[in-house]
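In Swiss-Prot this protein carries:
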type	residues	note
BINDING	Gly20, Pro21, Thr22, Ala23, Ser24, Gly25, Lys26, Ser27	ATP binding site
BINDING	Thr22, Ala23, Ser24, Gly25, Lys26, Ser27	substrate binding site
REGION	45-48	region 'Interaction with substrate tRNA'
REGION	168-172	region 'Interaction with substrate tRNA'
REGION	284-291	region 'Interaction with substrate tRNA'
SITE	Thr111	site 'Interaction with substrate tRNA'
SITE	Arg133	site 'Interaction with substrate tRNA'
Amino acid sequence: MQSMNVAQLIEQKICLAIMGPTASGKSGLTMALAKHLPIEIISVDSALIYRGMDIGTAKPTLDEQVAVPHHLIDILDPTESYSAADFVEDVHELVKEIFARGNLPVLAGGTMMYFNALQQGMAKLPSADEAIRAKIHQAWQANPAAVHAQLKQVDPEAAERIHQNDPQRLIRALEVYEMTGKPLTQLQREGQQEGLTEFKLAKVALIPEDRKKLHEQIAVRFHEMLNNGFLKEAEKVFSLDGLSADLPAIRSVGYRQAWLFFAQEYDYDTFVEKSIVATRQLAKRQITWLRKEQDLLVLDPFKTNVDDRVEAVLDYLSALTKNA
């Protein structure tokens, strides 16, 4: 293990990113790194931002949050929305503050859209208009293909990459067009909000070669969540005023299926099966995204132990400071 000079990392404005699919051991690695480095953790997870959603999101425990400073956890109620642009803005401020305290920012999580926004930037788009959104959503519920055809007329590039069964992105693209008179694709080209350009991301990805082991781990973890009271937690969240199935919090994996269970659209066994399948599908999308990433240290969480992974990360960071 090479010696680590944290001051050099701070001077060179290097942030550490711990990326990986769900249930790959990101939190365990990050907490283990805290024994070797003065770190503060910035959550890169679109579900951990919500208060009261703890068990179903595998949120760090209170003890873990006390032991190591965590950010962007429990910042909103489930009835509120939070965009990738909001995330980029918050991370900019947090990274500056963490460096000023003499600590290393560690961005850890699996929301790849957030990581992409940090690296590529985000177009400055108008805030959501609930009336327009509701109108388009109603049309989509009646005929998804017709709404997709409408998008194809005004923004063929967006229609090419957005499936008709992806209501969130489909509705947003049409909403932006109605509000601005310009295609979403054009707006994204015209004005990019800066990503994390003033800082460098040292990227570490936990990618298991053995997909079967990851699938087993996902199933084990979900059953642990159930034993820890996930359904009771979900029922409490769903009792909040102003909650609907269209909100981002309720679209989170596990909560979406629990919502349908409480709506009596799923029986218990179907709820469990659908939740595990949806989590595995999420992991597949995360791995697909990670395999396209460049300049990253790849570690297999099932072929190494956590001490080996910590050593590999420390050596990687040390080499970066020497090569800069």
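Quick reminder: no glycine exception, Cβ is built from N, Cα and C everywhere.
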Residues of the parent chain within Cβ reach of the region 'Interaction with substrate tRNA' (284-291), under 8 Å, 6 or more residues beyond its termini: 19-22, 110, 112, 116, 205, 207
Distance from Gly25 (ATP binding site) back to Thr111 (site 'Interaction with substrate tRNA'), taken between C-alpha atoms, in Å: 15
Same chain, 6+ residues apart, C-beta under 8 Å of the C-beta of Pro21 (ATP binding site), given in sequence order: Gly110, Leu206, Ile207, Pro208, Leu214, Leu282, Ala283, Lys284, Gln286, Ile287, Leu290
Where Ser27 (ATP binding site) sits in the secondary structure, as DSSP reduces it to three classes: helix
Count of other CB atoms lying within 10 Å of the CB belonging to Gly20 (ATP binding site): 26
